[in-house]
Each structure stands twice: as C-alpha cells, then as structure tokens.
Amino acid sequence: MATITLVTGGARSGKSSFAQQMAEGKSERPVYLATARIWDEDFAQRVRRHQADRDQRWENVEEEKQLSKHDFSGKVVLMDCVTLWLTNFFHDCSYQLDEALEAAKAEWQQFIQQDMDLIVVTNELGMGVHPENEMARKFADLQGWMNQHIAAQADTVYLMVSGIPVKIK
Amino acid sequence: MATITLVTGGARSGKSSFAQQMAEGKSERPVYLATARIWDEDFAQRVRRHQADRDQRWENVEEEKQLSKHDFSGKVVLMDCVTLWLTNFFHDCSYQLDEALEAAKAEWQQFIQQDMDLIVVTNELGMGVHPENEMARKFADLQGWMNQHIAAQADTVYLMVSGIPVKIK
Amino acid sequence: MATITLVTGGARSGKSSFAQQMAEGKSERPVYLATARIWDEDFAQRVRRHQADRDQRWENVEEEKQLSKHDFSGKVVLMDCVTLWLTNFFHDCSYQLDEALEAAKAEWQQFIQQDMDLIVVTNELGMGVHPENEMARKFADLQGWMNQHIAAQADTVYLMVSGIPVKIK
C-alpha cells in the first residue's frame, strides 16, 4: 500500500512548489506524474512553467487517467494534480457526477495498492460563492468528495495558505 | 443559554457528516433542525441525500426562519445550516442586506437563550474571487457577518478541510 | 527593514477589524494606509464603513500605488489592503499579469526597507471554483503570487476564518 501525503489549497497557494521540494528531499530520482490533458494554451503555459521549475533529476510520466497501469513500486511519486485527473473522468463520463466519481475512486483504489511514497496535489474549490453554472457546481462536488476520500486515506495532509504549509492531519 | 459548536467549511468539505457524528455521540435522541426551503430539484436531492445518511434515532424539525418558536431545552440540536436559513431571510427581505442581517440576528438571539447543546453548520463563501453578480456579493457579505457573529459566541469552532476537522477555537 | 505581520482571509472574515485592533494595541498613533482607488459607490460605501469603525487616534494616508514615497520610519502602519493596491497596478498595466506583478514587487521591495511595524491585510481568492472570466483568473494569479511573496517575508501570518485569527506562521 502507498504512503500518502495530500497537499491541498487554493489556486496559486504554492501547492506544487511545496510538494516538489518535499519529493526532492525524499528521493534522488522522484517521479513527476502529470495528469493534465492539454485543453488550451492557458493550460499549456502552466504546464511549461511547472516543467521549467523542476530540475533534471525528475522522471516524468504523463498519464491522464489510468494511474495504476504504471509501476511506481519503491518510488517517490508526485501526482500533480487530482483536479486535472478528475476533469478527465468528468469529461469522458459526459459530465455525469456519480459515474465519474465511481470510475475515479475505482482507479484510485487500484493505484494506491502499490508500495510507493505518494505525494498528491489537489485543490480546494468549495470556499467561494456557490457557482451559478451547473456544471461548475457538479465539478466542485466531484472534487470535494474525492478530496474527502483521499484525505481519509492519507497519512499526512497539508493545507497551503499563501505559500505556507499548515499541517492539518 | 445554549452551548454552541460551529462547524464551518467549503461545499463538500464534510461539514454535515462531521456534525452528525458529533450529535450522535452526544445524545441518544438528537434533533435535526433543517432550515432548507425547497427551492428546486437540486436542493431537494441534497436534502434527500442527507436524510438517507441519518439513522432513525433523529428527531426531525423543519424550520425555515423562526428557530426560537420550538422548544429545544435540554436537547442536542444540529442546525443544518446557517446558509439556507439566511437565504430565507435574504429572500423575504427583498434582498436588502442590512434588513436581512438585523432580522436574522434578532431571531438568532432569541433562539440561543434556550439551554441546549447546539451544533451549527455554516459555509465559508468568501475565499473565491469577488463575485461579479451583485446579489451574490451581498449574500456573501450577509453570510460572512453572520458567521463572525456566531463564531464570536461559539464555545468551539471547527473549519472542515477535505473532510478533516481543524479546531480553530 | 520592516517587521511584517500578514492578515489574510476571505471577504467578510474580520481581517480589517482584527488588524485594526492589533495596530491600536501596538501604538497610540497608528497609521492607516488606505490603498483603495474609489471605483464605484460599492467601494465608497465600504471605505466609509471602515473609516467609521476607526477612532480619532489614527493618522490617515491614502496611497494607491507608491507606498515607498511616504516616510513611515518608527511607526505602526496598517496597510489595507494588498488586493486594492494590486488592482491599481493590474489596471495601470493594461491587465498584463507579469508586468503588474513585477512592478508591484519592485515597489513593495522599496517600501519594506523602512524600519516600521507593518501590518498587512490581504485576501484569499483562490479557494473557489476556477473563474470563467479570464481577467478574474489572471487577477487571482497575481493576488496569489503576491500573497506568497509577502507571506515568505512576513514574521507572522494569520488566516482569518469567521472572525477567528488562526496563526499559521
């Protein structure tokens, strides 16, 4: 089974940088597990910015959904991030909330069977006003339920606030 | 006077589940004080989901606004939630912020005179981008001010993050 | 160099009140450094509300951008707030994110050279759903990066939740 550290927080709260430093402190050769599907230039820019932040020590794996098909045994793995990974399930399930949540949880359960040191980055999406857009509301539900699921399994959880890690579990 | 425990957090952060477990741990016969006005199918589904989560031990009270007219003396009461309750004042005051806040605070003051063990669920709405919609901005103000008012009176306050209760008072 | 206390949190979380009490506790004659450009009646009302909350002991300074041109040596200064100050840079840089961030950081660096006891109020904007509006997304990025920058330099950081200060650094 994986040892799990969850790093959650708002947009631009320093989640990825903190998680990267943690992974680099734990291994000479950490794995960067990127879950982004490149939807548009805005995403592409963000991906490039993050890649530029990382040094050459990293092993890069790109995987939009099927995390469990890669062998991470004995490795330190940084999954960045749950939100992009869930977006792919949500899209491919035609925006059906229950179906996407079930599929994502099943894949997750397979994934964490591996003996790895897993650091997971996710987003807090629920502390703003209730979105008017129904799809945004559904996605926020999906994100929130998955976050609860992962946090319950995690050994350690950090909430990032303005770049400061607050250990909450 | 009531003993007050406030449980705040974002949407889908596990507030209601945590508050329910707390109430069940405190009493054989807790009261579920539901403040929802059933506005649409989305709300109705959420209410049904929450009802299904609760077992038969609960006494159910539905009250949109006048919490103080019920007798809760000596009971453990879970009010779920402040946001829906405030929505009813906001609507019935024709979306006048100051009027709604004054009316809600007056009713609240009456309510908490009772000797009960009160657990209150509310929402953090203010940590997203400033909403473009003026009414949403006003409601976020109303919610924020009422949250401050209740938290100041509360004996204990928890912030829920990804299902994890963080005790902040 | 300035001693820096950062007070962050959502809208209506009690940031300004808490910061004012702190400044009043530290000095007989604190400086209120207001960064608002008065854009509309909504802002004007908020400014008036905050002014009414402050007593006569305060020295008031209004400065939209060039904080460093005022002499604050030896004083207790409450800057309220980073968000409004950044908005002015963002606007005057024609909404170019990188340019605004660079200009704001340069001005900030000048400002904090002074020997003052600086209390800074800012906003958490990133914990809601990803905004659909591109400019709102850019501004949230700007805010988040500046918050990280200030928090890294700060001696003390508080997150306000429902009026409760949570010390996180």
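Cβ atoms here come from the backbone N, Cα and C positions, even for glycine.
According to TrEMBL, the GTP binding site annotation covers B:GLY9, B:GLY10, B:ALA11, B:ARG12, B:SER13, B:GLY14, B:LYS15, B:SER16, B:ALA34, B:THR35, B:ALA36, B:GLU62, B:ASP80. The active site, GMP-histidine intermediate annotation in TrEMBL covers B:HIS50.
Mapped onto this structure are the features recorded in TrEMBL.
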residue : record                                  : Cβ contacts under 8 Å, 6 or more apart
B:GLY9  : GTP binding site                        : B:LYS15, B:ASN123, B:GLU124, B:TYR158, B:LEU159, B:MET160, B:VAL161
B:ALA11 : GTP binding site                        : B:ASN123
B:SER13 : GTP binding site                        : B:MET160, B:VAL161, B:SER162, B:GLY163
B:ALA34 : GTP binding site                        : B:VAL47, B:ASN60, B:VAL61, B:GLU62, B:GLU63, B:ASP80
B:ALA36 : GTP binding site                        : B:PHE43, B:ARG46, B:VAL47, B:GLU62, B:GLU64, B:LEU84
B:HIS50 : active site, GMP-histidine intermediate : B:SER16, B:ASP80
Under 8 Å Cβ-Cβ to chain A, which of the binding-site residues B:ALA11, B:SER13, B:LYS15, B:ALA36?
B:ALA11, B:SER13
Tell me whether B:ALA36 (GTP binding site) sits in a helix, a strand or coil according to DSSP.
coil
